[in-house]
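Working notes, structure below.
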Amino acid sequence: MTTFFSLTTAAAVLTLARGSNALVRPGNVGKLPALGWNTWNAFGCDIDATKIMTAANEVVNLGLKDLGYEYINIDDCWSVKSGRDASTQRIIPDPDKFPDGISGVADQIHDLGLKIGIYSSAGLTTCAGYPASLGYEDIDAQTFAEWGIDYLKYDNCGVPSNWTDTYTYCVPDPGSKATNGTCPDNKNPAPAGYDWRTSLTAERYRRMRDALVSVDRTILYSLCEWGQANVNDWGNETGNSWRTTGDITPSWPRIAAIANENSFLMNHVDFWGYPDPDMLEVGNGNLTLAENRAHFALWAAMKSPLIIGTALDSISQDHLAILSNKILLKFHQDPVIGRPAQPYKWGYNPDWTFDPAHPAEYWSGASSVLGGTLVLMLNSEDTTQRRTAVWKEVPELKDVLGRQGKRRIGFRVTDVWTGKDLGCVRDHYSVELESHDVAALVVGRAC
């Protein structure tokens, strides 16, 4: 069902949450992290209505819709590249790619019980050089609403010089000469105490937020500003999710580096606001099955948006099984607990080490729906290694252990990947993990 709201609710859209303003939308849109599919990682600019409807139908036929995946998102390259309509100033859908327009595709997607997303950028052009929305926020938001759009991914390309920030924020991606989470090559840092909410980047994204909340349709707002301008200070009051890094690629070094960066941002995760480590690469490139598992498990545990980016009509059963893991999806979509899993021990490194090659290896998170605590153990090394979860080290288990005093107890443990009951496990659980694999457990009631 499509959710609408009147202009009178726009003034009330910012609501106090977690001690800061969060973008709260009608119908609980954006309260939980988004689940869906996007064209970019699979097809880049090679898109059309047929490919998008194929994906939408596969989301239904493969059972992904029943698991909560609902957004079918069109990324860059959907419009006429030469410019806007001269009389209306509206962006024009490419008639060769979309003969029935975007609204025609939206109608078909809605008929499947799914939602549709679109893409633009907070600049003059998109990353692929198509018309973007800076200076046209109101007309574009109105156009998207009229087409039946439910989700906007808003990129950070095509920014003119008069909208460039005064200072440069440190995003410690590999390749930026980052050192332990710092950027020593940054020659234009902001002074101490600088409020990044006053930056031009923040203003560009606020303008589209304000345009979206002024239309009579609820559109989820996904910021894609690549972690710039200290977005963690203002992202939650501006959008429903915000990118924390540069783009992902289907390679383990990049996935590990993003997981490492995002692991330090878990205090920003709760209902209505989600740091976004970028779309999923499950099923793409030359990732091993273990790496696909680790990628998905970490993204789900961090309660990141889970946006599939592979061709669903040719997906393997192994990759589909990863994307369909009911236990991880239940944790991700918990209606009572908004907080994510968090690292409780780094494992390979001393705790709180910033290491793009070796992110935190031990994670845990409370759940209201799993009957226990989610525990992950990652092998970030390049060879098979043994990993051990010690119950007394897991924060969510300490209260139970403390109440038992010196009595030696165990916990009922379930393997998340197989669903197998591993029995009553006392003190600790050990497992041999191949390179870049992850063990995922639900540690349940005491026994």
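Placed from the backbone N, Cα and C atoms, the Cβ positions cover glycine too.
Sequence annotations record features per position, and here Swiss-Prot assigns active site, nucleophile to Asp155. According to Swiss-Prot, the feature active site, proton donor maps to Asp247. Annotation comment: Swiss-Prot describes Glu225, Trp226, Gly227, Gln228, Ala229 as substrate binding site. Residues annotated as disulfide bond in Swiss-Prot: Cys45-Cys77, Cys127-Cys157. Marked as N-linked glycosylation site by Swiss-Prot on the basis of sequence analysis: Asn162, Asn180, Asn236, Asn286. Swiss-Prot lists 1-25 with the feature signal peptide, giving sequence analysis as the kind of evidence.
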Notebook entry, point to check: Does Glu225 (substrate binding site) have same-chain partners at least 6 apart in sequence with Cβ under 8 Å from its own Cβ, and which are they?
Noted result: Ala122, Asn156, Thr201, Tyr205, Val231, Gly235, Trp242, Arg243
Note to self: For the C-alpha pair, I'd like the distance in angstrom between Cys77 (disulfide bond) and Asp155 (active site, nucleophile), rounded off.
What the structure shows: 13
Note to self: If you count other C-beta atoms within 10 angstroms, which of the active-site residues Asp155, Asp247 is the most crowded?
What the structure shows: Asp155
Check: Which of the recorded positions Cys45, Asp155, Asn162 has its Cα nearest to the Cα of Gly227 (substrate binding site)?
Finding: Asp155
Check: If one measures from the C-alpha of Asn180 (N-linked glycosylation site) to the C-alpha of Trp226 (substrate binding site), what distance in angstrom results, rounded to a whole number?
Finding: 19
Next item on the list: Please name the residue among the recorded positions Cys45, Cys127, Cys157, Ala229 whose C-beta has the most neighbouring C-beta atoms within 10 angstroms.
Entry: Ala229
Notebook entry, point to check: Taking Cα-Cα distance, which of the recorded positions Asp155, Trp226, Asn286 are within 10 Å of Cys127 (disulfide bond)?
Noted result: Asp155
Check: So of all those recorded positions, Asn162, Trp226, Asn286, which one's Cα sits nearest to Asp155 (active site, nucleophile)?
Finding: Trp226
Next item on the list: Whole-number Å only: compute the distance from the Cα of Asn286 (N-linked glycosylation site) to the Cα of Trp226 (substrate binding site).
Entry: 24
Next item on the list: Sorry to bug you, but what's the C-alpha spacing from Asp247 (active site, proton donor) to Asn162 (N-linked glycosylation site), rounded to the closest Å?
Entry: 25
Item checked: Those recorded positions of Cys45, Cys157, Trp226, Gln228, Ala229, Asn236 having Cα within 10 angstroms of the residue listed as 'active site, proton donor' -> Trp226
Next item on the list: Using C-alpha atoms only, work out the spacing between Asn236 (N-linked glycosylation site) and Ala229 (substrate binding site) and round it to an integer in Å.
Entry: 13
